[in-house]
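According to TrEMBL, the protein has these features:
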- 35-53: transmembrane segment (TRANSMEM)
- 59-79: transmembrane segment (TRANSMEM)
- 153-177: transmembrane segment (TRANSMEM)
- 183-202: transmembrane segment (TRANSMEM)
- 301-322: transmembrane segment (TRANSMEM)
- 342-362: transmembrane segment (TRANSMEM)
- 383-403: transmembrane segment (TRANSMEM)
- 432-454: transmembrane segment (TRANSMEM)
- 466-486: transmembrane segment (TRANSMEM)
- 506-529: transmembrane segment (TRANSMEM)
Amino acid sequence: MEGLESMSFVANMVSLVTYFHGYMNFSLTKSATTLTNFTGTAFLLALFGGFISDTYLSRFKTCVLFGCIELLGLAILAIQAHAHQLRPKPCVGVAPNLVNQCDDADGTQVAILFTGLYLFACGTGGVKAALPSLGADQFDERDPKEAAKFSSFFNWFLFSLTVGSIIGVTFIVWISTNQGWDWSFGVCTIAVLFATVFVIMGKSLYRHNVPKGSPIIRILQVFVAAIHNRNLPKPEMADQLHEIHDREAGLDTEILKRTDQFRFLDRAAITRTACDGRASTSINPGPWRLCTVTQVEETKILLRMLPIIVSTLFMNTCLAQLQTFCIQQSTTMDRNLFGFKVPGPSLPVIPLVFMFILVPIYDRVFIPIARKITGIPTGIRQLQRIGVGLVLSAVSMAVAAVVETKRKSVAVEHNMVDSIEPLPMSVFWLGFQYAIFGAADMFTLVGLLDFFYAESSAGMKSLSTAISWCSIAFGYFLSSLVVEIVNKVSGGWLASNNLNRDKLNYFYWLLAGISVLNFGFYLACASWYRYKEVEIKQVEDCSDVDTRGKKKVEMVRV
């Protein structure tokens with residue numbers, strides 16, 4: 001399902017800017033902003049999908065439901081692209097100085113576009129929240145054999161995403177360029193249909209999670225209880241705080257150890273006592289007045305994750321440039337390769353190919369070697385992996401600035417600043433920044449998915465996985481904001497519809513500089529973070545027959 005769904009989503013994510021600009025007659029800046037808003041919304045809606053999955057539906061049902069929503073959105077886009085009366089007359093091939101004379105899309109046409117676009121975004125967001133967790137649920141981390149395979153799961157999940165994306169940015173983009181956008185959206189619709197059918201076919205094979213109630217409600221209960229108990233005396237010993245142990249908790253219950261961070265929240269687990277003249281007895285006033293230590297730690301985990309999310313936002317702002325301005329750069333360059341004209345939106349295949357090669361090497365070569373050195377099942381810690389990706393993203397933006405400076409010098413040298421003809425410079429110069437960012441994405445994306453799934457509590461796996469996608473969402477929204485601010489402050493670095501006159505190279509240098517500062521902030525956040533500690537308490541009844549009869553033996557595994 002991941003391969004087919006990614007094929008559809010990534011193909012559109014990298015090429016819709018040309019559809020908005022050339023077929024819906026949006027300006028260059030509006031096209032880039034619309035695409036980044038769409039992409040950001042898709043990843044942000046993963047939060048909604050994660051909430052639904054953890055609270056009401058199983059992860060399997062969530063995948064099926066949101067797969068159908070995605071299918072509906074793509075079908076609407078395909079119908080609009082096919083019916084000429086549902087969109088304005090295309091403005092493809094018009095000289096840059098005449099673009100303003102093209103007809104704008106009317107209100108109805110824009111409404112149809114955004115309806116299909118955001119149903120598509122809602123569907124893919126829900127799938128992205130539930131599908132990684134559904135796959136990870138199939139591994140029992142307490143089984144040594146399955147735990148070893150689990151350490152590789154997210155690598156191969158990324159590999160499936162990569163294979164689907166490669167097909168999307170080559171085959172699907174070729175269809176949209178040469179056969180028409182109606183055919184492209186139609187093929188994507190069929191792909192998502194088969195993706196949903198395939199995941200349904202495996203229903204009888206899966207381990208299905210049981211929703212444990214709203215994680216948001218549990219978090220709110222901790223804050224409310226902590227505020228309500230703020231005046232109660234704090235126990236001297238941590239084990240005097242409220243917790244449900246052993247048989248009360250049920251089998252295979254995850255018990256989280258108390259940590260010293262956010263100590264105010266520990267007040268939510270302070271037990272009230274009442275004296276009747278003879279002895280003190282505990283009072284259980286309900287979940288909004290008394291929470292378990294595990295519930296408190298569940299809340300602390302989420303709070304500790306927030307700085308990590310914030311520190312990875314800017315990398316995704318840089319990623320957005322590769323899918324907007326870099327695509328527009330490619331349309332001004334020579335795209336011929338051995339007589340074949342490479343579609344500009346297919347350029348993201350370069351980082352995908354690097355990921356296709358690097359993921360198996362990382363999983364089969366690097367991890368086993370690193371595991372022997374560090375003793376960590378994943379080879380290196382997830383936060384270390386994320387940090388490597390952030391460094392590479394800064395390098396990628398610096399390389400992008402150098403390449404753009406050269407591209408503009410070629411335009412000036414050949415007196416082609418206002419020409420619509422391709423410059424005598426190969427589009428594969430853009431491959432350097434794409435390749436470096438592909439390696440960055442391999443480290444950071446998998447690191448985030450693994451980190452948020454492994455660190456979250458059992459009752460909020462889908463929501464935590466969705467949080468990792470939210471880093472991408474806010475990064476894309478931040479990209480739109482950064483473009484607008486840079487245009488206003490700089491006096492119009494990116495305001496023209498002609499990249500040969502814009503100051504895109506200055507913009508890339510700015511991103512590279514901010515990325516370096518962002519990495520420093522990330523180092524501080526990662527150093528402060530404390531990994532969770534878990535006790536798994538399993539209660540098992542065993543028969544031990546002797547002369548005194550039967551007795552129960554409690555097995556506790558920590």
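Cβ atoms here come from the backbone N, Cα and C positions, even for glycine.
Note that TrEMBL annotation is computational and uncurated.
Contact check: the transmembrane segment (342-362) against the transmembrane segment (432-454) gives at least three Cβ pairs closer than 8 Å, residues 6 or more apart, which meets the contact criterion. Stretch with the most C-beta contacts under 8 angstroms to the transmembrane segment (35-53), considering only 183-202, 301-322, 466-486, 506-529: 466-486. Residues 304, 307-308, 310-312, 314-315, 317-318, 321, 325, 383, 386-387, 390-391, 393-395, 397-398, 400-401, 404, 482, 486, 490, 493-494 of the same chain lie 6+ residues outside the transmembrane segment (506-529) yet bring a C-beta within less than 8 angstroms of a C-beta in it.
At the 8 Å Cβ threshold, with sequence separation of at least 6, the transmembrane segment (466-486) comes into contact with the transmembrane segment (301-322) through 3 or more pairs.
Tertiary neighbourhood of the transmembrane segment (59-79): same-chain residues 1, 5, 8, 49, 52-53, 86, 112-113, 115-127, 129-131, 133-134, 137, 182, 185-186, 188-189, 192-193, 195-196, 199-200, 203, 206, 208-209, 462, selected by CB-CB distance under 8 Å and a gap of 6+ residues from either end.
Within its own chain, the transmembrane segment (183-202) has Cβ neighbours under 8 Å at 1, 3-5, 7-8, 11-12, 60, 63-64, 67-68, 70-71, 74-75, 77-78, 81-82, 123, 131, 172-173, 175-176, counting only residues six or more beyond its boundaries.
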